[in-house]
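See structure below.
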2 protein chains.
Amino acid sequence: MPATRLSDLSEADLLARLFPVYAGAKGGTADVVIGPGDDAAVLAAPGGSVVLTTDTMVRGRDWRDDWSSPHEVGHKAVVQNVADIAAMGATPTGLLVALAADPATEVDWALGLAEGIAAAAREASAPVLGGDLSSAGPGTVMVAITAVGDLGGRAAVRRDGARPGDVVAVCGTLGRSGGGLQLLLADRGRTHDAPDAMSAHRVVHDLCLAHRTAGRPPWEQGPVAADAGATSMIDLSDGLVRDLGRIARASGVGVELDGEALREHAAGPLTEALGADEAMRQVLSGGEEHSLVATFAPGEVPTGWHLLGRCTAGAPAVLVDGAVPVVTGWDHFRG
Amino acid sequence: MPATRLSDLSEADLLARLFPVYAGAKGGTADVVIGPGDDAAVLAAPGGSVVLTTDTMVRGRDWRDDWSSPHEVGHKAVVQNVADIAAMGATPTGLLVALAADPATEVDWALGLAEGIAAAAREASAPVLGGDLSSAGPGTVMVAITAVGDLGGRAAVRRDGARPGDVVAVCGTLGRSGGGLQLLLADRGRTHDAPDAMSAHRVVHDLCLAHRTAGRPPWEQGPVAADAGATSMIDLSDGLVRDLGRIARASGVGVELDGEALREHAAGPLTEALGADEAMRQVLSGGEEHSLVATFAPGEVPTGWHLLGRCTAGAPAVLVDGAVPVVTGWDHFRG
């Protein structure tokens, strides 16, 4: 029997299948006054302000169908948005989902995407409040997520508040998603539909999974860091050195990272799967990790955060053991 | 000299060009605590809740480059979102903009889009709070807007509150955008780069412009209707009969429209450009008009709203002079 495609359903039929999938995610700190189905959603903003971010994933650019299941794509799309909310010191409270897809897209794929979105929405206690469906050209599938958050009366933690003398700390992993991407690119990775192929190594599997799903960054530590007095914070989207460079430039501080602390993060599974040199390269420049990096006054680092270095009065750049690290980066349009 | 394309710029360079364009739109009722450039934006929510909606436009599906300038596309993308905010009885307070584009897209096109977004953002007093840039496959351009609104302490006006005996009223035009689309499809319309071609008629020009830009719906009348006690409200996205059908089904009421009132809307420019029959068809089923339609207790209709009919205890359907109207509709995936 041929697969059912979006073009086989009316928009109303598709929505009727999607709504129950999303209904599984319940709210956390903010009440959903009006959920999906009206012109717009209404969400309580108990802290008197609202935190907002949007991030898009495009098939063939941000994921490959031969690597990632639709569930994994949906999960990752939510995680990267929720991490941005956490990096302001806020708690996620809701999501909007815009899907633009080739009408030839299989309905099961769209439902799998929704299940992945709903699964991450449940983990984050950020229910799907509404969304939009659009058709797109042949082969095109794009999911744009908007995440909403609440600061609970806290001041937001920006990128521009780091001061010389502050320490730099990370909460969460480093280099795992980038390491997984390297393994997938080198055809050493496990993909969602070939769990036993390519490699018998558990560590390889885990790294590739981290790349495909974005895992479960410690987003509840964003508000913890804010309450502890974090002077700046960012989530790791484009790699430790690039993202800390943003804090350095915005705050006008130098950042000196401790090579020994970084090598501790590179040791273990990353080095086992990639070798020591590539593991260190991923710790410094691997993207899409979505761990939180923040600066604190010395002695104010919360439990669960790990010291990586310190801020200086030097030029706004990132150094490792006093030297400029060689890192690669990702640019959306130049690739 | 060849056109500069997105692939010729770094993401940072492109953002540096976009930020000043968006900086022109200032806020209205809600303070922007943190605007573009951090992990997420922070917006005041003075009413203690926030209204949220998202709507996407895709090149070749929602606009044609041979008809619409990038400025017109950007304007329309904002208007359709702001109308959804207004239809809840809320005031727009901010926008997020996600652009996914083929790296071969001309930079001037992306800047024109941003200028159209900024122009509509200024009209709506809804500043651009942030966004996202992504690359997409050959020929693909997609813009997903999220609009945020504030109810100012009002209860939101939903689709499900209409009662038998309520009157149905519209604020804004009917059938103009759909009429313009018909003219463009029939090659009788003026497009942005051929203002003097095809037709010398001002009315044709105006209708086509209404389709390309979505005009300036009376969104400030959303809160006015809410304050006047509107029992239900919707903005006209998919045509009067289809959108009122949503109110009818959600509220469990029948809707009886008065043919004479509708013919008054079809008279004048619409009939001049399209003939009486097609003008009436567009009044009933033309989409993307984004005028507001609401139900009120008799005698509570605000100034500037025009009566179209009434709600009954009949079956949840829309009748015109007691008969089922023949209307066409639009379905994203079935086309």
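Using N, Cα and C of the backbone, Cβ positions are placed for all residues, glycine too.
Long-range Cβ neighbours of B:ASP84 (Mg(2+) 3 binding site) (same chain, at least 6 residues apart, Cβ-Cβ under 8 Å): B:THR53, B:ASP55, B:ALA147, B:ASP235. DSSP assigns B:ASP84 (Mg(2+) 3 binding site) to a helical segment in the three-state reduction. Marked as Mg(2+) 3 binding site by TrEMBL: B:ASP39, B:ASP84, B:ASP235.
Sequence annotations record features per position, and here TrEMBL assigns Mg(2+) 4 binding site to B:ASP39, B:THR53, B:ASP84.
Secondary structure at B:ASP55 (Mg(2+) 1 binding site), as computed by DSSP, is strand. For B:THR54, B:ASP55, B:ASP132, the entry in TrEMBL reads Mg(2+) 1 binding site.
The Mg(2+) 2 binding site annotation in TrEMBL covers B:ASP55, B:ASP84.
What TrEMBL records for B:ASP62, B:GLU288, B:TRP330 is substrate binding site. Secondary structure from DSSP puts B:ASP62 (substrate binding site) in coil. Contacts of B:ASP62 (substrate binding site) defined by a Cβ separation under 8 A and a same-chain sequence distance of 6+ are given as B:THR56, in order along the sequence.
Annotated ATP binding site per TrEMBL: B:GLY131, B:ASP132, B:ARG159, B:SER237, in sequence order. Neighbour count (other Cβ atoms within 10 Å of the Cβ, all protein chains): 23 for B:ARG159 (ATP binding site).
All chains included, 20 other C-beta atoms sit within 10 angstroms of the C-beta of B:ASP238 (Mg(2+) 5 binding site). Residues or ranges marked as Mg(2+) 5 binding site in TrEMBL: B:ASP238.
Under the heading domain 'PurM-like N-terminal', TrEMBL lists B:37-149.
Each residue in the domain 'PurM-like C-terminal' (B:163-267) gets a DSSP state, and the totals come to 49 helix, 13 strand, 43 coil. The feature domain 'PurM-like C-terminal' is assigned by TrEMBL to B:163-267.
Put simply, of the binding-site residues B:ASP39, B:THR54, B:ASP238, B:GLU288, the one whose Cα is nearest the Cα of B:GLY131 (ATP binding site) is B:ASP39. Of all Cβ atoms in the shown protein chains, 24 besides its own fall within 10 Å of the Cβ of B:GLU288 (substrate binding site). Chain A comes within the C-beta cut-off of under 8 angstroms for the following of the binding-site residues B:THR53, B:THR54, B:ASP55, B:ASP62, B:GLU288: B:THR53, B:THR54, B:ASP55, B:ASP62. For the binding-site residues listed here (B:ASP39, B:ASP55, B:ASP132, B:ASP235), the lowest count of other CB atoms within 10 A around the CB belongs to B:ASP132. In sequence order, the binding-site residues near B:GLU288 (substrate binding site) (Cα within 10 Å of its Cα) are B:SER237, B:ASP238, drawn from B:ASP39, B:ARG159, B:SER237, B:ASP238.
Between the binding-site residues B:THR53, B:THR54, B:SER237, B:THR53 has the most other Cβ atoms inside 10 Å of its own Cβ, all protein chains included.
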